[in-house]
Amino acid sequence: MKLGIVGLPNVGKSTLFNAITKAGAEAANYPFCTIEPNVGVVTVPDERLRVLHEMYNSKKTVYTTIEFYDIAGLVKGASKGEGLGNKFLGHIREVAAIIHVVRCFDDPNVVHVDGKIDPLSDIETINMELILSDMEVIERRIQKTQKNLKGDKSLQVELDTLMKVKDTVEKGLSARTLQLSDEEMEIVRSMDLLSFKPIIYAANVSEEEAAAEIDNEYVKKVREFAATEGSDVVVLCAKLEAEIAELEEEEKTAFFEDLGISESGLDKLIKASYHLLDLISFLTAGPQEVRAWTIRKGTKAPQAAGKIHTDFERGFIRAETIAYDELIQCGGNLATAKEKGLVRSEGKDYVVKDGDVILFRFNV
Ligand code: GDP
């Protein structure tokens, strides 16, 4: 899963991205990821894996991962090709979701591009570039649909939908604010609009405010705006995240206690991203390895098995499944769980749930 980090200059993007790259240093353990300089791979925190690891005394623990792309350079005028505008918009098209870093800290030493701290204006500037780029896409599609409509009257629904999207973006609103039926949703999705991508606003506050966990005036404004779109807000301090990323695992706990926080802003961001994209994890556990696997909500057992290996999907027979909580209630003992009838044998139509601990049976 890929997420793109965007934001105006000097809001703390690089600081946050550096924290991500450092925190993800162990990504070297993930040979399937080729790591480029603008990509940071981080593990998705999952307390359940730690517990299972202890229970099974496993040799290895493998967390699932998220990739963050540093898409610096998005500035006013990008949609008109200013700066390296179009190239950056192209990068945004490739990501599943956007993390928009918004400056919510006062610091006279850090210059703001527009001379004043105004998170709403910053958000509007970036969103507007995405909207302007979308307008061209929508316009082209409308022309094409109008042309084809002459020979195919069934395209009227598509045209109506496109007009609805056009109206919205022309008002300066992101496409993600639209209320759509399932049919309309399919049409809009097929256009791959930038302003339709799910977004998290990462409010970058000062160290003190991040620790206090109280919203400052800037953050309140960001939250109000995000609510109008149904978007998420994660409050963090990029500078603090960079410091946390330098710490060893054991030092972190003490550091968090000192600050009075329970988890890092980066972990909050990772979890929020995971939820934003409707992702869940199922788990596999044994003495060799405990591991989390990412799937979309609604994925059925054979396709979930396919995440592990295509042979598992092709030869799928059954999924022996137990909910994580139930396994823990049985002290992690599968035999006890079986006696109690908690281990279910599920077939090909079973929809996998978050925290299912699964053993797949398959033919090779
Ligand atoms: P970018 O242009 O968005 O990538 O911004 P940078 O990450 O380079 O940050 C710009 C400046 O803001 C740097 O001098 C950072 O040290 C500073 N900065 C970043 N985050 C914070 C923060 O949370 N608080 C304060 N006071 N300064 C920050």
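Cβ coordinates are placed from backbone N, Cα and C, and glycine is handled just like the others.
According to TrEMBL, the ATP binding site annotation covers ASN10, VAL11, GLY12, LYS13, SER14, THR15. Taking a C-beta cut-off of under 8 Å and a sequence gap of six or more, THR15 (ATP binding site) has these contacts in its own chain: ALA238, LYS239, GLU241, ALA242. Following the DSSP three-state reduction, the secondary structure of THR15 (ATP binding site) is helix.
If you look up TrEMBL, you'll see 1-256 marked as domain 'OBG-type G'.
Here TrEMBL flags 278-362 as domain 'TGS'. Predicted-model confidence for the domain 'TGS' (278-362) is 95, expressed as mean pLDDT.
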Checklist entry - Which residues, same chain and not among ASN10, VAL11, GLY12, LYS13, SER14, THR15, have a CB within 8 angstroms of the centroid of the CB atoms at the recorded ATP site? => result GLY7, PRO9, LEU16, VAL101, ARG103, ASN204, ALA238
Checklist outcome for this item: Here the 10 Å Cβ neighbour count for LYS13 (ATP binding site) comes out at 25
Checklist entry - Over all shown protein chains, what is the count of other CB atoms within 10 A of the CB belonging to ASN10 (ATP binding site)? => result 13
